Amino acid sequence: MYESVDVNPFLMMDYYNQSRGCLIPDKMPHPFSSSIRHQHWSGSNHSIETQSTSSEEIVPSPPSPPPPPRIYKPCFVCQDKSSGYHYGVSACEGCKGFFRRSIQKNMVYTCHREKNCIINKVTRNRCQYCRLQKCLEVGMSKESVRNDRNKKKKEEKKPECTENYTLSPDTEQMIDRVRKAHQETFPSLCQLGKYTTSNSSERRVALDVDLWDKFSELSTKCIIKTVEFAKQLPGFTTLTIADQITLLKAACLDILILRICTRYTPEQDTMTFSDGLTLNRTQMHNAGFGPLTDLVFAFANQLLPLEMDDAETGLLSAICLLCGDRQDLEQADKVDVLQEPLLEALKIYVRNRRPHKPHMFPKMLMKITDLRSISAKGAERVITLKMEIPGSMPPLIQEMLENSEGLESSSGAQGSRASATTPGSCSPSLSPNSAQSSPPTQSP
């Protein structure tokens, strides 16, 4: 047997496997071919080295650095920080929105000086006429606004792939029942004969005793009306008495605030109670609202764009009341079951009433969160009022509102009184059965 070893491309050396003799060239290479063989061998070695080197250099390249953030020139109109190019020029969000609204609504402004007001970040809101003129001077395009508006109109005309929101007979009957319950316990603003009082201070004071007496009287009647409203809701009276009282205490202030805010008149910045008494912001503060006043008026302004009718206000009030996450409920699951059809009814009703505003239903539900936040502060206000009023707090107001959910009772005597009436106790003044026999009253 023979083996061979390749020592260069042209020279072969054989040896006998058994004798292991010396390696002897079979034939000496010809001198003429040595240079060619050397070149070929060298080229072969070079080729191998090149391939080896290239294979070692195949490594992943490092990631490229992120592009630097775009930096725009300051707003051409007011020199504020620009958010990009809008309607042809570099502009801030404020000037962009101002120009768009002015063109879309064909606004006509007037300058109260000499039509040469300085427009900058500080003064841009002082003269709308000069601000609009500067927008046009720096090159903002009216046509761009019109094209943008036409584009949005075309998008609105596209058929929407929406769910089928059809009112079933049962749902329609439920909505009618809740609407009727709301209307019977809370007359609308157009049904009232407004009157005002001139015997109050024109500036904010700690407490106007006369206004407080009137306000506390109306609030007591309103609480009774809230109980009457609750009794008419589907399934409410099937709950245990303890759960009915727990729900009423937890949601009463929510419903009171929601109701009074639907009687807000933005032109006069006033609110009207059910007997027609109309109070402005200062009078509401002095009547007992105190630091709660601005929160309530701000919430009333937020309700205006929703344009809620009686059915929607009644359904939202019912959803606030029948909420299974209240503390100390005996049958929380049953309360949730009662709330579900109310949520579905409100969703279908709102979508049918506003087919092109699909986000209106979740916006309404978000108001429940706002109401709870205001109510928590309202319950605290009831406690501080007891130290400001000359006499005692009306018992129904103290019992219903002071123990609102989430409020920690005060220490000492206040704490003992608060703990005396637990959320599940059957207080005669709060009992839905006692409300049934109460005489007809007006709510604020």
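Backbone N, Cα and C define each Cβ position, glycine as well.
Taken from Swiss-Prot, the feature DNA-binding region covers 72-147. What Swiss-Prot lists as compositional bias 'Polar residues' is 35-46. If you look up Swiss-Prot, you'll see 47-58 marked as compositional bias 'Low complexity'. Taken from Swiss-Prot, the feature region 'Modulating' covers 1-71, and the record attributes it to sequence analysis. Taken from Swiss-Prot, the feature region 'Disordered' applies to 35-67, 402-444. Annotation source Swiss-Prot lists region 'Hinge' at 148-169, citing sequence analysis. Summarising the annotation, Swiss-Prot assigns motif '9aaTAD' to 395-403 and lists similarity to another entry as the type of evidence. According to Swiss-Prot, the feature zinc finger maps to 75-95, 111-130, an assignment based on sequence analysis.
Counted with DSSP, the zinc finger (75-95) comes out as 3 helix, 6 strand, 12 coil. With DSSP classes pooled into helix, strand and coil, the tally for the zinc finger (111-130) is 3 helix, 0 strand, 17 coil. Counting residues per DSSP class in helix, strand and coil order gives 28 helix, 6 strand, 42 coil for the DNA-binding region (72-147).
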